[in-house]
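Visitor: Pulled the feature table from Swiss-Prot, pasting it below:
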ACT_SITE  E421  active site, proton acceptor
BINDING   T139, G178  FAD binding site
MOD_RES   S26  phosphoserine
MOD_RES   K255  N6-acetyllysine
MOD_RES   K272  N6-acetyllysine
MOD_RES   K437  N6-succinyllysine
MOD_RES   K437  N6-acetyllysine
MOD_RES   K446  N6-acetyllysine
MOD_RES   K446  N6-succinyllysine
MOD_RES   K512  N6-acetyllysine
MOD_RES   K542  N6-succinyllysine
MOD_RES   K637  N6-acetyllysine
MOD_RES   S649  phosphoserine
MOD_RES   K651  N6-acetyllysine
Amino acid sequence: MNPDLRRERDSASFNPELLTHILDGSPEKTRRRREIENMILNDPDFQHEDLNFLTRSQRYEVAVRKSAIMVKKMREFGIADPDEIMWFKKLHLVNFVEPVGLNYSMFIPTLLNQGTTAQKEKWLLSSKGLQIIGTYAQTEMGHGTHLRGLETTATYDPETQEFILNSPTVTSIKWWPGGLGKTSNHAIVLAQLITKGKGYGLHAFIVPIREIGTHKPLPGITVGDIGPKFGYDEIDNGYLKMDNYRIPRENMLMKYAQVKPDGTYVKPLSNKLTYGTMVFVRSFLVGEAARALSKACTIAIRYSAVRHQSEIKPGEPEPQILDFQTQQYKLFPLLATAYAFQFVGAYMKETYHRINEGIGQGDLSELPELHALTAGLKAFTSWTANTGIEACRMACGGHGYSHCSGLPNIYVNFTPSCTFEGENTVMMLQTARFLMKSYDQVHSGKLVCGMVSYLNDLPSQRIQPQQVAVWPTMVDIHSPESLTEAYKLRAARLVEIAAKNLQKEVIHRKSKEVAWNLTSVDLVRASEAHCHYVVVKLFSEKLLKIQDKAIQAVLRNLCLLYSLYGISQNAGDFLQGSIMTEPQITQVNQRVKELLTLIRSDAVALVDAFDFQDVTLGSVLGRYDGNVYENLFEWAKNSPLNKAEVHESYKHLKSLQSKL
């Protein structure tokens, strides 16, 4: 054990094990997660060479092989609980992604949420065992987030009781679905439904694309891999073109919308019910943002405790770089953010399942806010985590640029989250649409509930500076509850600004669509402020549920740092809204620096509490034992370029040197 890390752990003010239990949900969940992780760590079938040194084709082959082993092992060990499946999957491929991932994250959830009982009986068991390997084919070459613009068609033929699927244009070719290129034999295809000559919008269809047994594409199907990408080397993101391809009527998922044998269309209770899978994935992605940022913080903070550089005072020993205030300022707000997102992710998971149960009972009342909240928080957390991961990499200096740090892999494999399942700016605008509707309700004298209930407090449906002029004396920068109120006022103010600017543009431009576009910057800022408020609120409320005093104290410091750092980075909003005064902003900036000092002694213990196995981090720099330099040298020696003392390419240089 590196002596610096041992000293850091000995000086912690709390027991990291107890905090791990809180993050997992209970001591029993921690015990079971570790039990599952050890199944993999102690199983020789899951050992493999470092994927960093393999070609893309080799990485894909390893990923497919290990995915097949994973399914067999889960069956052998009786792992069926969704959380346990996630733990198992997260460790078996370390920091990399799996070709069959969408089978479990989208194909099966869509079948569960939108399939009839008969459809689930037909396909569910086979998809869980990978006899059917499914993917989710929504995005097309020409359209992604704009779902209504998708061009793939499914035209019903009542004579044969079949749907005829077509990709009528080049831009209608399905493009990007993971596992589509070479792995999957089925796809849930989103297509424009046409029956009796009339279009009814997007619906989901289960489409066989390869013959089971030979794995060859079926007649009418053109399918393949789209080529190398920024990351995701193990995933065969693919394309799918369909030419008059017929599937039975029963292959349309019909839990909500239906097409009768004669072609009669039966509409669902709500069109948004067909977007259930996207809402599920977006809520899941909030937790994934927390996980990715937590891993990056673990690597950067451990390395910063091991790395010694420069001199604070001439002639003195080189300090740990974690002792530099600038390094703390880079990393500790990100650590606070990681914890905030951990708690928000747990909230979103719980909220999704609660509301989804209600939807199953026919209660759609909370669906609009769930859709808006998952869209906004997916964007807010993924943008923040993506920027934060890169900041952690840069905080590790030159070694952070090496794949040995694990940070490049974390970054390139997380960054697609800013685009898939809804491009983030568009997601923020979807949240803004809900905020504008809520504002209009309040303006018309109605009350709103849920996370937007703060809009009910708008005095006479307006926030005016003179009406909140007394507010600055009320803000307590040492109180999470008081800071939550400040964020609430900021959100309300920016929502009102966006709403009033939108109204002005509507009057001036006459067209709501043009007005919306010309107000979109304000609308995105309103959504960001709303999401920021939600995160601060949930973090603050989580503190009240923590019973261990030492853990509550350190989490309170993190909550304060997250809230105050956000104010310092958005000071203009709090000043312009007369929510805080300039002297208070100065106090905020000073308090942020004080909190850096308070958190310093607990930083390593806080990342230890995330409880990532070394193999999960995939990082030489973030090793639990802190033995960085010895292992960095060993890692480099494994480079394929080092297999020969003289590389075969030397012949090109030798010919030049012979002329000297």
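One is the number of the first residue shown, and numbering goes on along the chain from there.
Note: Cβ is positioned from N, Cα and C throughout, glycine not excepted.
Can you walk me through where each of these features ends up in the structure?
Guide: DSSP assigns E421 (active site, proton acceptor) to coil, not to a helix or a strand. Counting every protein chain shown, the number of other Cβ atoms lying within 10 Å of the Cβ of E421 (active site, proton acceptor) is 26.
Spatially close to G178 (FAD binding site) yet at least six residues away along the chain are V97, P99, G101, L102, T135, Y232, I235, D236, N237, judged by Cβ distances under 8 angstroms.
Counted within 10 Å of its Cβ, the other Cβ atoms near S26 (phosphoserine) come to 10, all protein chains included. In three-state terms derived from DSSP, S26 (phosphoserine) belongs to neither a helical nor a strand segment and is classed as coil.
Annotation for K255 (N6-acetyllysine): same-chain Cβ neighbours under 8 Å, separated by at least 6 residues, are N113, Q114, G115, T116, Q119.
Its Cβ placed at the centre, K437 (N6-succinyllysine) has 13 other Cβ atoms within 10 Å.
The secondary structure of K446 (N6-acetyllysine), as reduced to three states from DSSP, is coil rather than helix or strand. A C-beta separation below 8 Å, combined with a sequence spacing of at least six in one chain, links K446 (N6-acetyllysine) to none of the other residues.
Under 8 Å, Cβ to Cβ, and six or more positions away along its own chain, K512 (N6-acetyllysine) finds V506.
Within the same chain, residues at least six positions away from K542 (N6-succinyllysine) with a Cβ under 8 Å of its Cβ are F343, L555, C559.
Here K637 (N6-acetyllysine) comes close to no residue that lies at least six apart in sequence on the same chain with a C-beta under 8 angstroms from its C-beta.
Other Cβ atoms within 10 Å of the Cβ of S649 (phosphoserine) number 9 in total over all chains. Secondary structure from DSSP puts S649 (phosphoserine) in coil.
Sequence-distant contacts of K651 (N6-acetyllysine), defined as residues of its own chain at least six apart whose C-beta falls under 8 angstroms from its C-beta, are absent.
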Visitor: According to DSSP, folded down to helix, strand and coil, what is K512 (N6-acetyllysine)?
Guide: helix
Visitor: What same-chain residues, at least 6 away in sequence, bring their CB to under 8 Å of the CB of T139 (FAD binding site)?
Guide: K174, W175, W176, P177, F420
Visitor: May I ask you to report the DSSP-based helix, strand or coil state of K542 (N6-succinyllysine)?
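Guide: K542 (N6-succinyllysine) sits in a helix per DSSP.
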Visitor: Could you check which of the modified residues (S26, K437, S649) sits closest to E421 (active site, proton acceptor), going Cα to Cα?
Guide: K437
